[in-house]
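Swiss-Prot annotations:
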- 190-206: compositional bias 'Polar residues' (COMPBIAS)
- 346-361: compositional bias 'Basic residues' (COMPBIAS)
- 559-577: compositional bias 'Polar residues' (COMPBIAS)
- 1-93: domain 'BRCT 1' (DOMAIN)
- 640-730: domain 'BRCT 2' (DOMAIN)
- 751-833: domain 'BRCT 3' (DOMAIN)
- SER279: phosphoserine (MOD_RES)
- SER287: phosphoserine (MOD_RES)
- SER296: phosphoserine (MOD_RES)
- SER333: phosphoserine (MOD_RES)
- THR335: phosphothreonine (MOD_RES)
- SER548: phosphoserine (MOD_RES)
- 184-206: region 'Disordered' (REGION)
- 346-376: region 'Disordered' (REGION)
- 418-442: region 'Disordered' (REGION)
- 557-582: region 'Disordered' (REGION)
Amino acid sequence: MAAPILKDVVAYVEVWSSNGTENYSKTFTTQLVDMGAKVSKTFNKQVTHVIFKDGYQSTWDKAQKRGVKLVSVLWVEKCRTAGAHIDESLFPAANTNEHLPSLIKKKRKCMQPKDFNFKTPENDKRFQKKFEKMAKELQRQKTSLDDDVPILLFESNGSLIYTPTIEINSSHHSAMEKRLQEMKEKRENLSPTSSQLIQQSHDNPSNSLCEAPLNISRDTLCSDEYFAGGLHSSFDDLCGNSGCGNQERKLEGSINDIKSDVCISSLVSKANNIHSSPSFTHLDKSSPQKFLSNLSKEEINLQRNIAGKIVTPDQKQAAGMSQETFEEKYRLSPTLSSIKGHLLIHSRPRSSSVKRKRVSHGSHSPPKEKCKRKRSIRRSIMPRLQLCRSEGRLQHVAGPALKALSCGESSYDDYFSPDNLKERNSENLPPESQLPSSPAQFSCRSLSKKERTSIFEMSDFSCVGKKTRTVDITNFTAKTISSPQKTGNGEGRATSSCVTSAPEEALRCCRQAGKEDGCPEGNGFSYTIEDPALPKGHDGDLTALEGSLEEMKEAVGLKSTQNRGTTSKISNSSEGEAQSEHEPCFIVDCNMETSTEEKENLPGGYSGSVKNRPTRHDVLDDSCDGFKDLIKPHEEMKKSGRGKKPTRTLVMTSMPSEKQNVVIQVVDKLKGFSIAPDVCETTTHVLSGKPLRTLNVLLGIARGCWVLSYDWVLWSLELGHWISEEPFELSHHFPAAPLCRSECHLSAGPYRGTLFADQPVMFVSPASSPPVAKLCELVHLCGGRVSQVPRQASIVIGPYSGKKKATVKYLSEKWVLDSITQHKVCASENYLLSQ
């Protein structure tokens with residue numbers, strides 16, 4: 001260690017690199033400590049010397065204010081080498097930021113990593129306070145613990161060593177006993193457990209028959225497996241999963257003893273009148289007794305309704321048939337089938353009530369119609385679509401009872417169940433629409449996507465925009481619809497008021513007209529389209545546009561099946577034939593609404609009904625003209641992409657990145673150009689930041705482009721549009737630019753210069769600079785001819801190492817570049833390469 005030559009010095013070191021990213025204070029701090037000086041980490045009143053270099057302005061000002069000696073790092077080095085305390089005035093510190101304005105604050109960011117010191121209570125005051133607080137809290141918890149509370153001991157890995165289970169169980173039981181005693185004193189209702197319920201059912205089976213399923217379903221509701229199953233669980237899922245298995249085994253003994261047919265039949269009749277909710281969520285969460293009291297109130301209301309002659313033999317018949325439907329639907333196991341009477345109240349989905357109504361409707365309908373309906377249900381892809389085909393007769397009969405019950409049970413319904421979707425939609429409708437006058441009106445349902453596609457394929461869309469006619473779409477025959485019914489003569493003529501120009505809008509109008517129509521046969525779909533091909537008063541069928549099908553798909557936006565060649569046919573028979581599964585056809589009736597005068601003027605071949613005379617109307621070539629006009633913009637859009645991209649490109653050269661970013665932003669704002677890295681066939685403008693002769697400038701001159709300065713972009717941005725280029729053309733530096741540009745504008749076809757047209761064949765050396773490809777392109781653009789081999793050429797451009805001929809000129813690359821710049825062939829004598 002050196003001698004303590006600076007023992008009276010208390011120094012504060014602030015030494016940074018000139019760019020303010022590196023802090024070198026630590027090195028000089030070590031040297032000062034070695035020489036016996038004290039180094040302060042902060043600038044306090046004890047500091048006598050400040051070693052300063054490129055430090056903070058505040059440190060400089062503070063040192064000058066206090067009169068502390070400001071020295072440079074050279075003073076420290078001189079003291080170390082001389083081994084003595086050198087005079088500070090010989091090495092004053094310099095402040096480079098002193099003359100800079102005070103508004104500019106120089107940011108400092110040291111790139112050296114900090115020394116990481118692990119926090120301990122000894123070296124960190126905040127950590128020490130937190131540690132002391134935790135120790136006090138732990139001591140307080142230890143003193144407040146009772147003797148009977150067990151103390152749990154843990155190993156280092158976190159596993160439990162000692163757990164006094166006897167004390168835990170005893171304290172748990174004592175707490176339970178206290179709670180039970182309190183509830184008895186307050187006379188609160190105690191919910192019986194499952195074992196107590198089974199014991200009560202053995203003692204009094206007739207009374208507990210309705211109570212046990214309620215509590216069982218509540219236990220099932222509270223089980224984890226039920227909640228994991230979701231809300232859309234069916235009866236099989238709820239009663240067949242693992243969550244109900246324990247309850248099923250517990251109940252087997254008691255259920256086998258319960259064989260009272262009277263009670264089961266009464267409960268089935270009760271379930272017939274009560275619209276049960278689709279899940280167990282209708283149970284009251286307070287206690288089963290409260291729900292039983294609510295149920296008893298509903299039974300009283302039901303008995304009053306029964307006394308008022310609301311229940312009819314039709315309902316009894318519906319009850320029996322609904323029970324059979326329920327058994328067939330869910331295939332109950334032998335154990336559960338014995339208790340289906342009372343589980344029917346709690347777990348039957350709401351759709352079963354709709355099915356009951358459908359079956360009761362079937363009992364009143366003729367056998368033939370019922371067989372058709374069953375056959376169509378079996379054939380249907382989605383049988384649930386048929387649920388809405390019930391009659392309004394049962395709703396008329398049991399209307400008051402259903403209204404009274406629906407008000408009481410609405411809070412228990414699973415509102416988001418898919419079975420309730422159609423009932424929710426029907427609740428929003430007025431009562432007149434909920435009670436239809438006849439069952440046939442239910443066939444006027446909304447069309448599926450497949451049916452819509454088939455209608456589009458078989459429709460004549462050339463009829464858009466010329467002449468109005470009315471099309472009545474009768475009963476459609478497809479897989480999801482039952483066999484076609486006989487069409488009547490009194491078909492509805494409800495015509496939509498909107499004249500459409502697209503098939504989708506026409507179909508929407510068709511649906512609206514179908515809803516407004518009240519015809520007995522349900523032939524209510526009509527929409528108005530316009531047809532140029534048919535004369536006034538012509539009755540014919542719609543034929544598919546086979547020739548222009550692809551155009552039709554582009555215009556309408558269809559993304560589905562291709563045309564299968566199917567055409568719409570009109571049936572002569574009273575009933576339509578069954579359609580094949582692979583090609584669904586639709587019976588379309590096209591009737592024109594004409595006045596009596598027009599009907600008198602019709603030729604004989606066109607008179608009569610379509611049904612009696614199924615003539616075929618072939619689409620002529622000129623009938624597609626209107627439709628082709630409609631889809632022409634779509635074809636052009638498809639060919640050219642979503643939008644037209646700019647055909648002109650702009651190239652930047654000799655331009656720094658800041659200016660390039662400005663140009664890119666201006667081009668994005670004003671549009672009309674796309675940026676290209678090099679000059680190509682589509683380039684029209686070359687922007688040069690500096691008037692330097694670059695390859696892009698020469699290629700731009702050779703192609704007849706505008707060679708402009710950077711100011712053109714700035715002025716265009718100022719005025720908000722691309723302005724005239726001529727004032728900003730660099731014609732002074734590149735005289736050939738305006739000449740080539742004028743020639744390019746005057747040329748009829750693709751522009752090619754004539755500068756080297758009279759010159760002999762040239763060969764460009766592979767060692768030339770600029771590269772061979774660029775030089776060859778320049779010569780070609782200026783009308784010259786380039787050979788791939790040197791023996792065919794009379795001029796060789798660039799350094800050539802082969803055998804030289806006396807008849808061949810060996811010229812420098814500058815000859816080509818200067819000739820293009822000046823737009824004249826320069827004298828070759830000035831560019832000859834040494835032999």
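Glycine too: its Cβ is placed from the backbone N, Cα and C atoms.
The domain 'BRCT 3' (751-833): residue composition by secondary structure is 27 helix, 11 strand, 45 coil, according to DSSP. Across the domain 'BRCT 2' (640-730), DSSP helix (H, G, I), strand (E, B) and coil residues number 35 helix, 19 strand, 37 coil. Here the domain 'BRCT 2' (640-730) returns a mean pLDDT of 89 for the predicted model.
The DSSP breakdown of the domain 'BRCT 1' (1-93) into helical (H, G, I), extended (E, B) and coil residues amounts to 33 helix, 19 strand, 41 coil.
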